[in-house]
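What follows is a single structure, written as structure tokens, with notes after it.
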Amino acid sequence: MPSVISPGPWSKEERNFQLAFVVFSGLSVLSGTVAMMATGGAPGLWLRNPVMWGVTLMLCVGLRRLHMPPPWVVIAIVSLLALSLLVGPDQAGVHRWLAVGPVQLNVAALVIPLGLLLADRGVRHAGQPRYAIAVLAIAMILAWQPDMSQLSALIAALLIWAIARRSVQSLLWVAPMALLALFFCAGRPDPLEPVPHVEGIFHLAAEVSPMLAFCGGLCLLLTALSPLALANDLNRRPVAAGLTAYFLVSGFAWLFGAFPVPLAGYGISFILGWLIGATALLMK
């Protein structure tokens, strides 16, 4: 069980990051909630995101006091993703979810932000090979699901992380893995149709008010950029840059296809994943 530590005084950069992430992620959720309400969505549709954001925020306040989980927890992440293939709900041949009672969780959205931080810590403290294999496994599972938006976001995160580390060795294993996974995923087209309150939430918001859609998109962008507030910390810089790349590609993949919109769009997995990932970035 992770040990509890005193949070101590936060640095100016840490305070700025926490404030920016909480405010802008909350406003992103609010923009989608307003869009769903204004277009006649039932309370069961639009209440879930703001309630989950509030609950997760309270959870993360406590999580900040814990040590970062050990890097080998990334194996559990690989296992959860593999379970989504083996026992998760099948929607037109797509396997991205695990059912928890009546709720279906998008496993990749839930675990990848934390997985990136664990893999970074593992590489820094224990060397690269075993974590490279774990990340390769995650990428290939995403390709098989298929989930092009999460795969692209993961690859972008890894490339930026490797560049920020100034590590030629890291680039040499990330680049071929990226090409292999993308080629494989491209051969497995996604048959699912877009859902207005998931993939099309900003189009829905624009029907209510173009300003609502603009503000929601801007807040999502600022949420995605917020980890860069920690870029002056040399130990955190590579993973903060990588997490920013993941947030950006995941957050704006909807511009290039029928992909879910995190935070603003309906679905609790991105809310959990993004908030827990941001919290882990602050853990010691």
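The backbone N, Cα and C atoms fix where each Cβ goes, and this holds for glycine too.
Counting same-chain residues at least six beyond the ends of the transmembrane segment (17-38), those with a Cβ under 8 angstroms from any Cβ of the stretch are 10, 45-47, 49-50, 53, 57, 197, 201-202, 204-205, 207-208, 212-213, 215-216, 219-220, 222-223, 226-227, 229-230, 261-266, 271, 274-275, 278, 281-282. Look at TrEMBL and you will find 17-38 (among others) tagged as transmembrane segment.
Summarising the annotation, TrEMBL assigns transmembrane segment to 70-88 (among others).
The transmembrane segment feature in TrEMBL is assigned to 97-119 (among others). Among residues of the same chain six or more beyond the transmembrane segment (97-119), those with a C-beta under 8 A of the stretch's C-beta atoms are 68-69, 71, 73-74, 77, 80-81, 83-84, 87-89, 91, 131, 134-135, 138, 142, 145, 147, 150, 153-154, 157, 161, 239, 242-243, 246-247, 250, 260, 262, 267-270, 272-274, 276-278, 280-281.
Annotation source TrEMBL lists transmembrane segment at 131-164 (among others).
Beyond the transmembrane segment (171-189), the same-chain residues lying 6 or more positions past its ends with a Cβ under 8 Å from any Cβ of the stretch are 128, 132, 135-136, 139-140, 142-144, 146-148, 151-152, 155, 158-159, 162-163. Here TrEMBL flags 171-189 (among others) as transmembrane segment.
For 209-231 (among others), the entry in TrEMBL reads transmembrane segment.
Marked as transmembrane segment by TrEMBL: 238-257 (among others).
For 263-283 (among others), the entry in TrEMBL reads transmembrane segment.
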Same-chain residues at least 6 beyond the ends of the transmembrane segment (263-283) with CB under 8 Å of its CB atoms are 14, 17-18, 21, 25, 28-29, 31-32, 35-36, 45-46, 48-49, 52-53, 56-57, 59-60, 63-64, 66-68, 103, 105-107, 109-114, 116-118, 195, 197-199, 201-202, 205, 216, 220, 223, 226-227, 230, 236, 239-240, 243, 247, 250-251, 254
